[in-house]
Amino acid sequence: MSTVLEQIEQQIAKLSNKAVKKNTGTIRSVADGVAKIDGLSDVMYNEMVQFPGGATGLALNLEADEVGCVILGDVSQLKEGDEVYTTGKLLSVPVGKALLGRAVDALGNPVDGKGPIEAKETYPVERIAPGIIARKSVDQPLFTGIMAIDSMIPIGRGQRELIIGDRGTGKTTIAIDTIINQAKINKVGLASGDPSFRPVYSIYVAIGQKNSNIVRTISALEAAGALDYTIVVTAPAADNPANQYLAPYSGAAIGEWFMENGMDALIVYDDLSKHAVAYRQISLILKRPSGREAYPGDVFYLHSRLLERSARLDGKGSLTALPIIETLAGDVSAYIPTNVISITDGQIFLETDLFNQGIRPAVSVGLSVSRVGSAAQIKATKQVGGKLKGELAQFRELAAFAQFGSDLDAKTKAQLDRGARIVELFKQPQFNPLPIELQVAILFAMQQELFNDVAVGDIVAASASLKDYLIARKEALLTEIREAAKLDDALTAKLKTATEEWKQSYVTAAK
Amino acid sequence: MAAAPSKASQQLARQLFGLSLANGLVTAERVEGVLAYLEKHPPAQPLAVLEAYRRLVARELAKGELIVEHAGPIAEGILRSLEGAFTQKYKRQVTARSVHNASLIAGLRLHIGDDLYEASIAQQLSQLTVAA
């Protein structure tokens with residue numbers, strides 16, 4: 001609607017001979033991407049300011065004698081005494097389906113060399129999060145395709161689930177796997193022609209990353225056929241801190257368009273630690289008072305107002321957020337991690353030790369939690385994996401004790417054996433998400449103790465064999481599980497027969 | 001780039017600026033008084049204080065001065081009518097000063113304080129360029 005009004009206003013402006021009023025100021029100083037400006041007495045907070053040479057700025061500090069603006073664009077041409085003026089507009093980015101499959105910068109300009117984006121609408125970068133009346137409880141699942149997560153730490157549409165861990169523990173991989181899984185589900189769902197199917201569109205926001213990493217991520221998405229359902233917002237490490245600060249908000253605005261228009265979207269912020277660092281840099285240059293770890297006082301609000309924009313709206317769509325935080329030496333009690341942990345609806349904690357032991361994804365079951373996701377978990381997963389988290393936690397505890405003694409009773413030994421097999425079963429290669437029906441079948445087989453006589457080292461191969469068997473021979477059964485989303489007596493019997501058939505063929509093949 | 005004035009210098013400049021106003025307007029006598037005081041009692045950062053003070057006074061004076069940029073000739077009557085209109089609009093005494101600016105091609109550009117009113121051909125051409 002706002003676009004229509006803007007078009008009419010532009011038409012009026014063309015025909016009008018009236019004088020145009022602008023509020024002006026002059027640059028007093030420019031340094032580190034921040035300009036101090038004299039004048040601009042009518043400027044509003046967060047208003048876009050026009051600089052000479054086409055550069056725009058964002059008014060962030062309104063002081064008694066001057067205005068502090070972060071400059072978005074080329075600062076090399078700006079000098080002291082240049083005239084700037086207010087635009088009366090808030091920073092906006094193009095939104096809509098035209099952005100799917102594209103990589104854009106923090107201002108929504110294409111950076112992938114695929115030509116201009118034909119977006120019909122724009123949304124303001126900063127928006128007030130939906131209030132409590134507009135929201136609805138999270139009760140629809142969002143499958144990540146990662147068995148350890150979907151079975152133990154389920155995520156619902158509209159949830160904010162933090163992915164946290166040290167560097168190189170597979171945080172981005174989990175996010176990319178989730179995006180790839182959405183694309184796979186979208187393809188199957190849209191091909192089925194089911195009118196009630198709701199595709200999930202993904203937005204990946206890369207903040208402060210190396211360009212080579214961003215290219216690798218885009219290539220992985222492209223190779224998996226997921227880019228057509230994904231928008232990549234980039235603010236690489238080489239970009240100025242203002243763009244790195246804005247990128248997540250731009251991504252959120254793009255996601256909000258899907259949510260407001262009755263669609264579901266997933267947004268990944270990779271990562272908010274670097275976002276906080278960029279904001280700290282801007283704040284220090286603007287001479288704002290610094291607090292703990294030199295972050296400004298409003299660093300909590302920086303992330304809370306961003307993540308609160310993810311929601312499930314009544315009668316509309318949803319925006320699910322997967323923010324990523326990088327910890328140092330596993331310290332989750334640092335300033336930014338604790339802030340984001342308290343804002344989100346749960347966290348997936350990845351441990352370096354587990355990663356180095358070859359347990360990938362390296363999800364720490366004890367420290368990971370999903371506060372609202374269980375309401376969104378499908379019944380079939382609950383039926384086959386409801387007790388897994390407890391069993392695994394018990395296994396870790398027993399395993400720690402077992403290190404001190406060799407005499408273990410039969411029950412403890414059995415628990416340890418089972419735990420070791422569950423851990424093996426949850427190992428999954430990267431960029432290879434599993435459909436939920438396959439996850440249910442594999443967990444069902446484990447529940448039926450079909451893996452008990454398989455050596456721990458062979459569990460991964462056995463699970464892959466079961467997967468191949470079901471895909472090749474029991475496609476109808478898998479479709480039935482996916483559509484029913486629960487295991488009734490008839491379906492349980494069918495699944496039992498199918499998994500036992502596989503076991504027989506597996507044992508025969510092993511001999 | 002000049003070093004940023006300290007908070008204390010800015011505060012002092014603001015206080016001195018307050019002393020320069022009589023009935024809400026900057027007067028020459030008051031400014032002379034302030035300058036004489038500063039000469040007798042120089043502050044810790046005299047240059048920074050004076051520069052900040054100058055900026056505040058200049059900004060205040062600019063609010064009462066209408067700079068009329070024009071490309072062609074402008075009649076004295078138009079200047080006086082502009083003075084009257086802006087005095088009414090800004091609710092303070094405004095005096096007009098004309099400045100010739102050929103780059104406008106035709107029309108006027110009016111500056112008062114931080115506000116800029118533009119009704120020139122050059123501005124309309126630049127708008128068309130942006131739209132294209």
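Every residue, even glycine, has its Cβ placed from backbone N, Cα and C.
Taken from TrEMBL, the feature ATP binding site applies to A:Gly165, A:Asp166, A:Arg167, A:Gly168, A:Thr169, A:Gly170, A:Lys171, A:Thr172. Around the Cβ of A:Asp166 (ATP binding site), 18 further Cβ atoms fall within 10 Å across all displayed protein chains.
Per TrEMBL, domain 'ATPase F1/V1/A1 complex alpha/beta subunit N-terminal' is recorded for A:22-88.
What TrEMBL records for A:145-370 is domain 'ATPase F1/V1/A1 complex alpha/beta subunit nucleotide-binding'.
TrEMBL lists A:377-501 with the feature domain 'ATP synthase alpha subunit C-terminal'. Taken together, the residues in the domain 'ATP synthase alpha subunit C-terminal' (A:377-501) have a mean pLDDT of 91 on the 0 to 100 scale.
Feature annotation from TrEMBL assigns site 'Required for activity' to A:Ser368. Residues near A:Ser368 (site 'Required for activity') in space but far in sequence (CB under 8 A, at least 6 apart, same chain), listed by position: A:Met152, A:Ile153, A:Gly346, A:Gln347, A:Ile348, A:Phe349.
Annotation note: A:Gly168 (ATP binding site) sits in a coil segment as assigned by DSSP.
Close to the recorded ATP site, the chain also has A:Glu326, A:Leu350, A:Thr352, A:Phe355, A:Ala362: residues not among A:Gly165, A:Asp166, A:Arg167, A:Gly168, A:Thr169, A:Gly170, A:Lys171, A:Thr172 whose Cβ is within 8 Å of the site's Cβ mean position. Most Cβ neighbours within 10 Å among the binding-site residues A:Arg167, A:Lys171: this distinction goes to A:Lys171. Looking only at other Cβ atoms within 10 Å, the busiest spot among the binding-site residues A:Gly165, A:Gly168, A:Gly170 turns out to be A:Gly165. Secondary structure of the domain 'ATPase F1/V1/A1 complex alpha/beta subunit N-terminal' (A:22-88), assigned with DSSP and counted as helix (H, G, I), strand (E, B) and coil, comes to 3 helix, 39 strand, 25 coil.
Counted over every protein chain shown, other Cβ atoms within 10 Å are most numerous around A:Thr169 among the binding-site residues A:Thr169, A:Thr172.
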